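J.: Would you mind keeping the following structure in view while I ask a few things?
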Amino acid sequence: MTELNATSLPLAHITDVLSDHNTSSAFLNNDEFHYFFIGLLFLIGGFILLIVAIVGFVGNVVVIWFLIFIIKRTPITTYILNLAVADFSTLLSLVIVIALLFLGKMLFGVFIYVFISTSSASVYLLTAISAERCLSIVFPIWYRCHRLNHQSVVVCSLIWAIICVLCVIRVLCYTTYIVNLLLCIVSVLICIPTVLICTVVLFLKVYCSLYRCKRGKFYTVLLIALLCFLVFGAPLNIVLCLVDHDYNFGDTMLPICILLCAVNSSVNPLIYFLCGRKKFRHSKEAFKLVLQRAFSDKDDCRRNLNQPAT
């Protein structure tokens, strides 16, 4: 992934293009038009991103509040809580990046690293959730026998520890090629294929199996979240790996992929609400019940089995 700073992004050139245009010719040449167009794309995308981020802020804060103070902690809600924190941090760092980009401040690069790190945390957490749920369906007996008592807590702690270490290395070290290469390998070559495989397996086992039984809402929530990640979240990880080889490609695609990433970090609370609420019920329903229903993985065939502790 390329090193990004406030002066290298196209938005920093838009004022230069306009000032040069006023003092020289009456028409923009190809290079000037390219920078002007990309800068304008960043400008419009920045305002749209702020609107998306505000919606995502509210949704993720509500989910975090309920999961910390109201809803009983389970292995699933532990993952969802950490995912909501990662999504909230991604949106917050992205808004700070946009603000510093317009102001031209020096801390721009630091928050770019924070944004990339928190968005990577979201990818890793979603990969862990999908892989664990996939194992619980494909190999249910093996999964119950080998699952650790506090597996979700351990996995989330390891992910955050790795992310924090990589973020500190990126901020403090001038040469981060190894870190960039490592993030590319993990995100693009491991996480995205794993999510894709788990999405297909979960869909086939939950909805297409001849011997399927009715399962909890969480599998629907997870499938929709995985599909949203593949559509909105995965492109940014791929583009950040390709931008080193073709910066003009990054100029064109980065604004779009960053906006899609913001959508991906904002959409999960909406998924929880839509999947957790009961259909055709017009009366108001407590949001706690909606979330509890959305995060339930109990199925009618195994409701007597004890769920492992967090």
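Easy rule for this one: first residue shown is 1, then count along the chain.
Glycine residues also receive a Cβ, built from the backbone N, Cα and C atoms like all the rest.
Below are the features listed in TrEMBL for this protein:
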type	residues	note
TRANSMEM	35-68	transmembrane segment
DOMAIN	59-272	domain 'G-protein coupled receptors family 1 profile'
TRANSMEM	80-104	transmembrane segment
TRANSMEM	110-131	transmembrane segment
TRANSMEM	152-172	transmembrane segment
TRANSMEM	178-206	transmembrane segment
TRANSMEM	218-240	transmembrane segment
TRANSMEM	252-275	transmembrane segment
J.: Same chain only, please: residues at least 6 beyond the ends of the transmembrane segment (110-131) with a C-beta under 8 Å from a C-beta of the stretch. Say none if there are none.
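T.: Here the qualifying positions are 1, 4-5, 76, 79-80, 82-83, 86-87, 89-90, 93-94, 96-97, 100, 155-156, 159-160, 162-164, 166-167, 170-171, 183, 186-187, 190-192, 194-195, 198-199, 202, 222, 225-226, 229, 233, 236-237, 240, 261, 264-265.
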J.: Are the transmembrane segment (252-275) and the transmembrane segment (80-104) close, by which I mean at least 3 Cβ pairs under 8 Å that are 6+ residues apart in sequence?
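T.: Counting Cβ pairs under 8 Å, at least 3, so yes.
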J.: Sort out the residues at least 6 away from either end of the transmembrane segment (178-206), same chain, that have Cβ-Cβ distances under 8 Å to it, and list them.
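T.: That would be 1, 116, 120, 123-124, 126-127, 130-131, 133-134, 137-138, 166, 169-170, 212, 215, 219, 222-223, 226-227, 229-230, 234, 237-238, 240-241, 244.
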J.: What residues in the same chain, six or more past the boundaries of the transmembrane segment (218-240), come closer than 8 Å to it by Cβ-Cβ distance?
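T.: Sequence-remote neighbours of the transmembrane segment (218-240) are 1-2, 76, 116, 119-120, 122-123, 126, 129-130, 133, 184, 187-188, 191-192, 195-196, 198-199, 202-203, 206, 249-250, 253-254, 256-258, 260-261, 263-265, 267-268, 271-272, 275-276, 294-297.
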